[in-house]
Every structure is written in structure tokens, then in C-alpha cells.
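As given in TrEMBL:
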| type | residues | note |
| --- | --- | --- |
| COILED | 890-926 | coiled coil |
| COMPBIAS | 414-424 | compositional bias 'Basic and acidic residues' |
| COMPBIAS | 500-513 | compositional bias 'Polar residues' |
| DOMAIN | 23-151 | domain 'ENTH' |
| DOMAIN | 695-931 | domain 'I/LWEQ' |
Amino acid sequence: MNSIRQVPTRVKSRRVETNLGAEREHFDKQQLSSISKAINSTEAPVKEKHARRIILGTHREKGAYTFWSYALGLPLASSSILSWKFCHVLHKVLRDGHQNSLQDCMRHHSSLIEIGQLWGNLHDKYGQLVALYSKMLCTKMEFHVKHPEIRANLEVTDEVLERAAGTDINNVFQLTVEVFDYMDTELRVAETVLRQLNTSIAISTLTAGQCRLSPLIQVIQDCSHLYHFTVKLLFKLHSCLPADTLQGHRDRFHDQFHSLKNFFNKARDMQYFKRLIQIPKLPDSPPNFLHAASLAKHVKPVVVIPDEPQDDEDDDPEPLIENAFSLPQQFDIFDQTFGAPNGRFDDRDQQIEGLKRDVEMLRAELERVKAEAQRYITQLKSQINSLEAELEEQRAQKQRSLVENEQLRMELEATRRRNAEHESVQATFSEADSEDPPAPHPLIRRHSSTGLPVLRSHCPPDTLVFPQAGMELSGSMTSLQAEKERLMRSVSEKEAELSSLRQSALAEQSSLQVEREKSSRDLGNLQSMLQEKEQLKQKLLEEQFSLLQGTVSEAENIIQDAVAKLDDPLHVRCTSSPDYLVSRAEATLASIDHVKTGHAHFVKDMADAGALVRALTQFSHLAADTIVNGSATAHTAPVDHADRLTENCRSCAVQSLAYLKELKEQASVRRADPAAVRLIVQKILHLGQELRPKGSDVRQDELGDMVDKEMAATQAAIDEAVRRIDVSSPRLALSIFVNLCEYSSYRILFSCTDLMKVGNRPFQTFTEAITLGAATLKEFYARNSRWTEGLISASKAVGWGATQMVESADKVVLHTGKYEELIVCSHEIAASTAQLVAASKVKADRNSTRLTVLQQASRTVNEMAANVVASTRTGLENLEEKDTMDFSGMSLIKLKKEEMESQVKVLELESQLENERLRLGELRKKHYGIAGAALVSDDNGVLQQKPSVMKKPNLAQKPSLPPKSMVGPA
């Protein structure tokens with residue numbers, strides 16, 4: 001029966017062993033999986049759940065054998081990131097693993113040194129970190145092996161530190177030096193990590209930054225304890241040694257204090273650490289070790305690691321920066337950014353200002369919430385500290401009560417022993433009483449006969465029992481019994497007091513737990529609020545960047561449209577002046593400076609893209625204007641200059657598009673630089689300056705007088721032309737009745753009269769259109785000398801054109817002139833007037849009403865000039881004798897001969913036309929060399945231009961014909 005009953009028991013034990021083995025095997029596999037997932041070459045931080053499983057494995061097997069059996073097979077020499085994460089996991093195992101893990105790790109001390117030396121000799125950022133980290137871990141293991149009473153997580157009481165230091169001052173001195181060395185290795189790792197990383201939010205929230213930052217959590221925990229150890233040991237040394245002897249220790253401590261304070265402050269400002277660890281604040285100044293009373297002011301820095309929720313078992317990679325929101329709506333970037341094509345940007349400015357106000361409001365709200373959250377956190381921390389202080393006091397009181405209880409228990413035991421001794425003595429006397437009494441003394445019998453009680457003595461049986469001794473012994477017993485009862489009551493009272501204290505401590509602990517839970521909930525709410533604000537801030541950043549992208553896209557379209565005009569056949573007929581090109585290039589350079597300033601502001605505060613958007617809008621229009629006008633200027637420039645100008649215009653478009661593309665990408669927006677665009681625009685500016693007419697030798701303070709004289713001369717020439725035409729009109733009208741062929745001449749004369757009458761209108765409104773600012777008109781002319789010289793040139797051209805038109809009209813009427821001269825004069829007057837208006841637009845306010853009047857006057861002049869040209873062409877067609885082209889009477893040979901002569905004439909005319917075109921090109925090339933001839937003064941000090949270039953129109957003398965370049969179209 002016994003054997004039958006034992007069979008199920010053995011089967012059950014085997015099943016238990018099988019289950020335990022399967023469970024152990026599953027746990028080992030899980031631990032190996034966690035090690036492989038925690039230590040890999042991916043640049044991401046070690047997940048806490050994997051590290052937690054590895055640490056639990058060391059406690060399960062009471063050592064780090066499994067960890068090292070797997071770690072020895074890792075290719076640490078091939079990947080610096082793998083080695084860095086291995087050191088991080090090893091640091092966690094040393095701090096939080098089983099206490100036997102230290103000895104297991106010490107067996108591989110030499111391998112760790114070799115890994116550090118290997119990566120220290122290579123030029124790799126992670127390699128340098130691995131070298132420092134491995135050295136720190138070796139120092140940590142050596143320290144804790146030498147001082148086994150100090151645990152690897154450094155969480156020991158001051159009493160344990162006192163026992164480790166001992167009473168020998170030499171040992172205290174040596175221990176202090178070792179703690180200094182320990183702290184140095186920790187700080188070197190932290191400083192190197194922070195030096196390699198930028199401490200901005202964008203870096204500390206990326207996986208690459210977190211991979212470097214995550215081991216600093218353990219470094220912060222170590223440094224806080226080492227700082228406390230150093231303060232305690234230094235105060236102890238100063239109590240035993242002279243201050244001069246410890247000067248080196250104090251200097252070294254001060255250096256470590258400032259380095260540690262700087263490290264804690266930088267880490268506290270990083271977003272990554274705020275949710276993982278609460279970093280203590282060090283005092284403003286280091287402790288004064290020369291005053292022993294300063295030790296009482298020292299507060300041990302406490303690092304708090306908040307409880308994190310358990311990670312899910314899903315091992316899929318998790319994003320570090322969640323993008324849980326998107327733009328609420330799509331909007332038209334062009335309408336909001338650029339406005340209408342006519343240059344009015346009021347709506348865009350209003351929207352930008354509105355966005356800017358919203359940004360400021362959100363920023364203020366965010367700061368307010370942060371301040372309120374910080375205040376709540378400070379209050380909660382203060383409450384937690386006070387509750388912990390109360391709990392510590394309760395614990396101390398409980399400890400004192402336990403000590404008192406122990407003393408009372410010892411006293412009670414002593415009392416019980418004394419009572420036991422007394423009871424044994426009483427038992428002895430009772431036995432003596434039970435024996436036969438000896439023959440009493442006669443005196444005793446006599447007392448007995450008288451009825452006196454016989455006193456029993458507690459003395460030994462062989463001694464006498466007197467009545468006095470019995471009474472004393474009875475009194476002693478009574479007092480002992482009373483003392484016993486008193487002690488029993490005292491013990492009961494102490495036990496009741498102890499029970500009350502225990503209940504009070506439990507109540508305090510319960511209250512503290514409730515407060516902690518409430519604080520945790522409040523912190524959770526505050527963190528959720530902060531997270532929501534961070535999400536709003538991130539959303540604002542994305543909206544601002546989206547606005548910037550829309551602006552850049554529209555700017556790209558503007559630049560591409562401008563560069564497309566370079567190959568447009570219709571654009572070949574467009575021309576522009578070098579002066580206008582120079583003004584556009586200078587404005588573009590100024591806009592590039594504004595873009596650079598706006599870009600710097602945007603990089604500093606990516607929540608405000610308003611300045612950069614405005615600058616890009618201006619830059620895109622000005623750059624496109626420079627490209628188009630550069631190409632138009634090249635159409636009238638010499639071949640060499642034209643080719644270089646066109647090439648630079650294309651390069652300007654290419655560099656501008658490349659710069660805009662960098663602004664459009666999130667990865668390259670910070671390093672975008674318009675230096676290449678600036679260089680190309682400067683080349684265009686220099687070419688425009690080379691093409692400009694050379695400056696004159698007139699003093700700037702005399703330009704104003706010269707402008708007035710030229711304007712007056714031009715006005716007089718126009719008035720004289722009108723007068724001469726009015727004189728000729730009645731005579732020609734009478735001749736119409738005689739010969740109807742004069743009707744065409746009459747129309748030409750009256751169209752010339754209309755042109756002369758409106759030709760002076762631009763000059764009447766010119767000075768009213770320009771913006772002088774605070775300067776006078778002459779000061780304005782002197783300050784803009786080149787612009788003034790162009791104005792003088794246009795004025796002279798108008799005066800010459802008016803005089804020449806009258807001469808040509810008289811000749812046409814008398815049938816002695818050419819109709820083509822009238823057409824040329826009309827073109828010259830219209831072109832010079834357009835140049836005058838263009839010069840006014842450069843120096844006038846865009847919204848000036850006088851500028852509108854001036855433009856209307858210029859359009860009227862153009863219309864009248866067109867009428868002159870039309871009348872002239874009509875007269876030319878009416879008066880031109882046309883050949884009847886009747887070849888009916890010619891023979892075949894005659895026709896062939898006429899055909900050959902006609903072909904020869906066509907070829908001659910084409911050759912003449914080509915030669916005239918070449919001559920016209922040379923004349924235009926020469927224009928840039930002679931148009932800006934210097935002004936000189938005559939013997940009387942009156943300013944005049946060199947006679948080789950131009951003479952001023954004179955009313956009494958027919959003006960000479962100036963070079964065509966001086967009166968050509970602007």
C-alpha cells in the first residue's frame with residue numbers, strides 16, 4: 001500500500017519539475033531575446049522593457065552569467081553604436097542587477113578595457129563615447145569591488161559610508177580621492193555627450209539624440225550620490241586635518257561642483273529628460289568646508305524616477321515623435337501670400353499680421369501654462385518633501401520607541417529573573433518549615449506560651465530566625481512585588497504607546513500614499529496639458545512651414561516665368577536701359593539682405609515665418625524683374641556684353657531656384673544660403689554699370705542749375721516750334737483750294753501742331769511727380785547725379801526733336817523734304833518722353849497722383865506722335881508715283897533682261913540694308929562711349945557740354961543733329 005501511494009507523488013513531482021524546466025527555458029529564451037533587442041546597431045535608445053527583463057534575469061539566476069554568455073558573442077569591435085548600447089545595458093545591470101552581477105562582470109574587466117582602447121583609437125563620434133563609457137564602467141567596478149559595503153547603485157546610508165571610511169584618517173583621505181576619480185569619469189561621459197549634441201528640442205526628441213542621451217539617466221543617478229559622498233568625506237577630513245593640507249581637495253571639488261551643476265542645468269532643460277527623471281537642483285555656491293556648521297545646511301540631492309506604465313509586449317519600432325495632428329484645412333497659398341498680380345498685398349499683409357497675432361497669443365498662453373505647471377509642480381514637490389520629512393520623523397520616533405521597548409523588555413526579563421530567584425528562595429524556606437523544628441529555646445517556649453507568634457526566618461535552616469529579620473524580609477518582598485507591578489504597568493503603557501505610534505505611522509503612511517496618488521494625478525494632468533500645448537506648438541510650426549512652402553512655390557513660378565521670357569520670340573523686341581537694370585539689381589540685392597534676415601529669424605523661431613514670407617515675396621518679384629530687364633538690356637548692348645548679361649540672367653534664375661528649393665525642404669531649410677544668388681546679381685549689376693553712359697565732370701552742386709537751363713531751353717524750343725507751325729498753317733490752308741493735293745500736307749502740319757502742343761505737358765508735371773523727401777530740388781539733383789544726367793539727355797533730345805520736326809515739316813510742305821524725317825522725329829520725341837517718364841517712376845511714389853498725370857501726358861504724346869506718323873505715311877502713299885508695271889509690249893529677251901536687272905537691284909538693296917544695319921549696330925555700340933561725355937566750364941564759368949558731343953538748342957540758330965544714341969529710346 002505504501003508503494004502504491006508513493007507512485008502518484010513521484011509522478012506529480014516529475015510534472016512539477018517538468019513545468020519548472022519549461023518555465024525556466026521559456027524565461028531564458030525571453031531573456032536572450034531581450035538582450036538581442038536591447039543591444040543592436042540601430043541608433044535608437046534601449047527600451048526600458050528589454051532592460052527590465054535582463055535585470056530580472058540576473059535576480060532570477062542570482063548573477064549575470066546568461067548576460068555575459070550572450071554578450072561575449074556580440075560583434076562589439078565592428079559597430080560603435082552596438083558597443084555604446086552594450087555599455088548602457090551593462091551600466092543598468094551593475095546598478096539594478098543582482099549583487100553577484102558585480103563579480104561576474106569583474107571577470108570580463110580586461111575585455112571591457114580592450115573594447116574601450118579599440119574605439120578610443122578610431123575617429124568615430126560613438127567610438128569616443130564608448131572609450132569614455134568603458135573607462136567609467138571599469139572605474140565603477142574597481143571601486144565597488146574594493147568597497148563591497150557600498151552597493152553598485154550607491155544607495156547607502158551615511159552610517160554605511162562612515163563604516164566604509166573607517167576611523168583611520170589615511171583611509172578617509174584615500175576614499176575621498178577614489179570618489180573624486182569616480183566622479184571625474186562620470187562627468188567626462190556626460191560632457192562629451194552634450195558636446196556632441198545640440199540641446200534644442202528638435203535634437204533631444206529624435207532617436208539619434210535619444211540614443212546618446214539615454215545612458216545619462218544612470219549617470220545623473222550616480223553623480224547625485226557621489227556628490228553627497230564627497231561633501232560628507234570632505235567635512236570629515238576638515239575636522240581632522242589642517243585646511244592647507246586639503247586645499248587641493250577643495251579645488252578639485254569646486255571644479256566638479258561647477259561641472260556637475262552645469263550638467264544638471266543643461267539636462268533639466270532638455271525635453272527628453274523631463275518625462276523620465278526629476279533632476280535635483282544644486283545650491284548656488286559650493287559648501288564652505290572651513291566652517292563645520294555648514295554641514296547642517298547641506299541637503300542631499302535626491303533623484304526621482306517617475307513610475308512609467310508597463311510597455312506593451314509588441315516589439316514593433318515605435319515612433320519617437322508622434323504626428324497626431326494634421327492641417328485642418330487646405331488654403332490657397334497664392335491668394336493669401338501674394339495677393340493680386342497688380343502689386344497690392346493688403347490682404348496678404350493682414351493675414352500675416354493675423355497669423356502673427358495668433359502666434360503671439362499662443363506663445364503667451366503656452367508660457368502662462370508652463371509657469372502655472374511649474375508652480376504646481378513646485379508646490380507638489382514641497383508637499384512631498386514635507387510629507388517625506390514627517391514620515392522620516394515618524395520612522396525615527398518608531399525606531400526610538402522600538403529601542404525603548406527593547407530596553408523595557410530587557411528590564412522586564414531582569415525583573416522576572418529576580419522574581420524567579422525570590423520564588424526559589426521562598427520555596428527553600430517552605431521546605432525548611434515543613435521539616436521538624438528543633439527544640440526551642442526556653443525563652444521561645446515561654447513566648448509561645450504567652451501566645452506570641454513564632455516568626456519564620458528566611459535564613460538557612462542552620463541559622464536563627466529572629467522576629468526583626470523576618471519583618472525586614474517581608475517588607476523587601478512587598479517592595480519587590482510593588483516594583484514588579486509598576487514595571488508591568490509601565491510595559492503595558494509602553495506597549496499601548498507603541499501600538500498607538502504604529503497606528504499613527506500607518507495612518508501617516510496611508511495619508512502620504514493618498515497625497516502621492518493625488519500628486520501623481522495632478523502631475524499627469526499637468527503633463528497632459530503640457531503635451532497638448534506642445535502639440536499645438538508643433539501644429540503651429542507645421543502651419544508656418546506650410547505657409548513658407550506655399551510662398552516658395554509661388555516664388556519659383558515667378559522666377560520660372562521670368563526665365564521663360566528669355567527664349568520668347570516676342571520678348572526680343574523689348575528693350576531696357578542700363579540705368580533701370582542697375583536700379584533693379586540694387587533693389588534685388590537689398591531684398592536678398594531682407595531674405596537673409598528673415599531666414600535667420602525663422603531659424604531662431606520657426607513658429608514665426610512672417611518676415612521670411614514677406615522677404616521672399618519681394619525677392620521673387622525683384623529677381624524676376626532683374627532677369628527680364630537684364631535680357632531686355634542685352635538686346636541693345638554690344639555682342640560681348642549681351643552674351644554675358646544673358647548668361648548671368650539664366651544663372652540668376654538657376655541659383656534662385658536652387659535656393660528656393662533648399663527653403664522648401666525641412667531637412668535643408670536651416671542651411672539655405674543666398675550667397676550664390678547675391679554673387680550672380682552683383683555680376684549683373686556690374687555689367688549694367690559698364691553699359692551705363694560714363695559720368696560727367698560737372699560738379700554735383702551745379703547740376704540743379706543745369707537742369708533748369710536745359711528744361712527752359714527745351715520749353716523754348718517747343719514753344720518756337722508751335723509758333724512757326726501756327727504761322728505756316730494759314731498760308732497752307734489757302735493753298736488747299738488751289739490744289740487738293742496739298743490736303744495731305746495740311747493734315748501732316750496740323751498733326752505736328754498737335755504733337756508740339758502736348759509735347760510740353762510732361763515737363764510741366766515732371767518736377768511735381770518725383771518724391772524729394774526733406775531735400776530741395778537742387779539737392780535732389782545733386783544727390784542723384786547719374787539720374788540727373790540722364791534727365792538732361794532726355795530733355796535735350798526732346799528739344800532737338802521739336803526743332804527738327806518744324807524744319808522737316810516746312811520742307812515736306814514745300815515738297816523739298818523727306819517724309820521719313822518726320823517719322824524719325826516723331827519716334828525720337830516719343831522715345832525721349834518715355835525716357836523722361838521712366839526716370840520719374842524711379843524717383844516717384846508708386847501711389848502718387850502726379851505720376852498718374854505724367855503717365856497720361858506721356859500717353860497723349862505717344863498718340864499725337866502716332867498721328868504724325870499715320871498722316872505722313874498717308875501723304876507718302878498719295879504723292880508717291882507708282883509704276884504701272886505694264887510689260888505687255890516687251891519681248892522675251894527684254895523681259896529676261898529686266899528681270900535680271902531687277903534681281904541685281906534687289907541684291908544691291910539687300911546689301912545696302914545689311915550694311916546699314918551693321919552701321920546702326922556700331923552707332924549703338926559707340927553710344928555707350930560718347931553719351932556720357934564730361935561737362936566743362938567756359939571762361940565765364942558757365943557750364944556747357946563739350947561741342948563734340950552736343951550743343952544746346954538755340955532759338956536763333958538751327959540746332960545741329962546730335963548722335964542718334966543720345967536721343968534713342970530708353
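Counting begins at 1 with the first residue displayed.
Heads up, the Cβ atoms here are built off N, Cα and C, so glycines get one too.
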DSSP-wise, what's the residue breakdown of the compositional bias 'Basic and acidic residues' (414-424) into helix, strand and coil?
11 helix, 0 strand, 0 coil
Mean predicted confidence [pLDDT] for the domain 'I/LWEQ' (695-931):
70
I'd like the per-state residue tally for the domain 'ENTH' (23-151) from DSSP, helix first, then strand, then coil.
94 helix, 0 strand, 35 coil
How many of the residues that make up the compositional bias 'Polar residues' (500-513) does DSSP mark as helix, as strand and as coil?
14 helix, 0 strand, 0 coil
